[in-house]
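K.L.:
Shown below is the structure under consideration.
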Amino acid sequence: MEDIFYWCRENNTIQVRLWLDDTENDFNKGDDHGFSALHWSAKEGHTKLVEMLLARGARVNATNMGEDIPLHLAAAHGHIDVVLMLIKAKSDINAQNEHGNTPLHYACFWGYQHIAEELVNHGALVSLANKDGDTPLDKAKSLLAKRLHDLAIESGQELKKISIKDNQWLGLKTRSRDATLSRYKGINIEDLKLHTKVSISPSGETWRGRWQNNDVIAKILTIREITPRVSRDFNEEFPKLRIFSHPNILPLIGACNSQKHLVTISQYMPRGSLYDLLHSAAGIVVDTAQAVRFALDIAKGMAYLHSLERIIPEFFLNSFHVMIDEDLTARINMGDCKFSFQERGRIYQPAWMSPETLQRKRADRNWEACDMWSFSIVVWELMTREIPFVDLSPMECGMRIATEGLRVQIPPGASAHLSKLIKICMNEEAGKRPRFDMVIPILEKMGAKF
Amino acid sequence: MDKSPRSPKTPTKFNYEKDDSSFWEKFSTLGRKKKIKEVQEVQEEGKYAIDSPGMPNAPEIPPEDYNLEDNEQRSIIQPQCLNLPQVRDLLQLLIDWINDELVEERIIVTNIEQDLYDGQVLHKLWEKLTGNKLNVLEVTQSEEGQKQKLSVVLNAVNHTLGFHHTMPKWTVESVHSKNIVAILHLLVALVRHFRAPIRLPENVSVTVVVVKKSGTKLTAEKFEEQITTTYDDVGMKCERDAFDTLFDHAPEKLQVVKKSLVTFVNKHLNKLNFEVVDLSTDFRDGVYLCLLMGLLGGFFVPLHEFHLTPKDQDQMIHNVAFSFDLMQDVGLAKPKARPEDIVNADMKSTLRCLYNLFTKYRNIA
């Protein structure tokens, strides 16, 4: 069958590129055995493809059914270039598969000395036992074993055997997503099993549930009346939110359009939104380093959104609309976009909006620059860990931003870099605000310091 | 926002003066200018010939019309009256109303006397307002046929308006002879009965000259004829509720209700530095209603959705209709009143609307 996995095996870069350009395609999905595109490319040693996939943000630590991450496969098949790329992309170097083997186990077993040395140099443990109690050194032939032993001592490794702990794989691994997720868009409301109501907001009720053995979040939209026109607009608009092709965007998986309800389905994110993380006792410490990482994630997601054709359901950036993945990746939630018929004339979070968003129609303003303003408020929020204008009701807040020049204040003693970034992004003149692709390198530079 | 279709505004005379000052005009020679004028005049004349009613308006009253029988009396409106601003307002308002009502029939009325005397427009208007059908000929040419049709139509109208024992101020004869006073009375009665969404100028009166012939003597007397009075309710009629009772039987309690409503709205509007003084007029432009919905519903109303400083009636109606939409969006019942009723400063409609907000949101800080 000709599919993305086939093209990755066959090193068909053109087909892969075309496939990646379609936003509805989820490059983190796996095939029947949970092999993602990156798994296949790493296994076959196609450096070009690995490079392309990593550049687009494919998950480097995704696992297949055997709990292998791409690094296992690259090491086992002797692709040194790919191994180095994956290490550079922060692969979990001591990831253990279902047998408890690490990439180093395979490199030793197959006698790839060069790879084994690189792995040890990057922190692979020579004495981590698999389920049978064997360490990589046990798997290596005597000469290689000797060399690795010396290397390990040089880098100060403990040589006492580390036995496998089954709960160890909680770390960075996330299994390749079920391939079925991106396959359906129209979902039968009867197939949804909703079990817990999470919240009620003016836009609708949010429920947790199961669909096709996946944990999902279903949002039942509050609509005064589902007219044929609303139903038609919904059908036209929701597929545009199925953006699977960027790691910092959380796509809408699908939707139900029944006569009584309009429901949108997204992946369940146990950590909740950035707002929850910052302003409730979530037990996660957001230090400046983490704040910069979140800001970078958001900027990448927004830059990608802006690179697409303008999407019709409007997305308003604020910390409610950014979700946090298990691995602390921030993802722009497409499920929080506003359909054209939704909440018309009502803005519930004006604090994050630019003065012109509050006053002018979308057609009459530079909406990309408006997003940049919202981004600066999110950065302010990350920096201060406060809710902007918390003591004002939305109506008062909006009126004062729009007509009286109310702005967030940068507290004394704040990070000079972040403060400067906020000021640049909040330029009163929309045309003078930077674009997201200009902000990314600045944040990357800041992030490199931590 | 589903607003009923509004007809285009009644055409007013084309303004040539403005045309004259156009940029291109400056370049043309005087001779050309004259030619353009001639062409325009001919065009205008042609247009008039096509659009003018079938019965040309005779420039002079034919002799038989002012020949009075013995003891006959006739009332004629004093022509100067028609130029009084309030009378002109009233005429324009009525014409706009008829055109709004009959927009689907593609009927455009431009002149009250000329367009209503034959019963054709009245027929359609009655059918539109009552939703009933009237079995008469659609088009009649002869005077006899016209009168016959008019009498059937007026019969139906009088029946609807409830004239069983009293005599209406109009007759088939007076309407057909284009007596503007009779036609005005008829239209005002219709507006009041059906609570048309317009606010009539109050206490409009015209001067009527009554000419009487007794023997060989002609006597003329002047009368002030009142066309409209004052109205305390211009809102749509609906099922009687507590507010009707308050208005009719407990005016002192009404004051208390008004006072507590003013306190309630000001508590919230003060946050934006606004203050309501007079309930009946301060809400008619819809601005406070929109702001109040945001304050009470916990959202911001984007300023492009309504007119913060409305310039005309249409913008006010838009504002009120938009606030009604917001009310329904947050789960309040559809207001009984029409947006026009609030804009027309109908006290009862405004109070009902605010009271609805009050019952839902009285407890929020």
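Cβ atoms here come from the backbone N, Cα and C positions, even for glycine.
The model shown is predicted, which means the values in this text are computed figures rather than measured ones.
Pasting the relevant annotations from TrEMBL:
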| type | residues | note |
| --- | --- | --- |
| DOMAIN | A:192-443 | domain 'Protein kinase' |
| REPEAT | A:33-65 | repeat 'ANK' |
| REPEAT | A:66-98 | repeat 'ANK' |
| REPEAT | A:99-131 | repeat 'ANK' |
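For the listed features, I'd like the structural context: burial, neighbours, distances.
P.N.:
Restricting the average to the domain 'Protein kinase' (A:192-443) gives a pLDDT of 90.
With a cut-off of 8 Å between Cβ atoms, the residues of this chain six or more beyond the repeat 'ANK' (A:66-98) that come close are 33-34, 36, 38-39, 41-47, 50-51, 54, 60, 104, 106-107, 109-110, 112, 114-115, 118-119, 122-125, 128, 130, 164, 168-169, 171-173.
Below 8 angstroms of C-beta separation, residues 66, 69, 71-72, 74-76, 78, 80, 83-84, 87, 93, 137, 139-141, 144-145, 147-149, 151-152, 155, 157-164 of the same chain, each at least six residues beyond the ends of the repeat 'ANK' (A:99-131), sit close to that stretch.
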K.L.:
Could you tell me how many residues in the repeat 'ANK' (A:33-65) are helical, how many are strand and how many are coil under DSSP?
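P.N.:
The breakdown for the repeat 'ANK' (A:33-65) reads 18 helix, 3 strand, 12 coil.
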K.L.:
May I ask for the residues of the chain that lie six or more residues beyond the repeat 'ANK' (A:33-65) and have a Cβ under 8 Å from a Cβ within it?
P.N.:
4-5, 8-9, 11, 13, 16-17, 20, 27, 71, 73-74, 76-79, 81-82, 85-86, 89-92, 95, 97, 172-176, 245-248, 300, 327
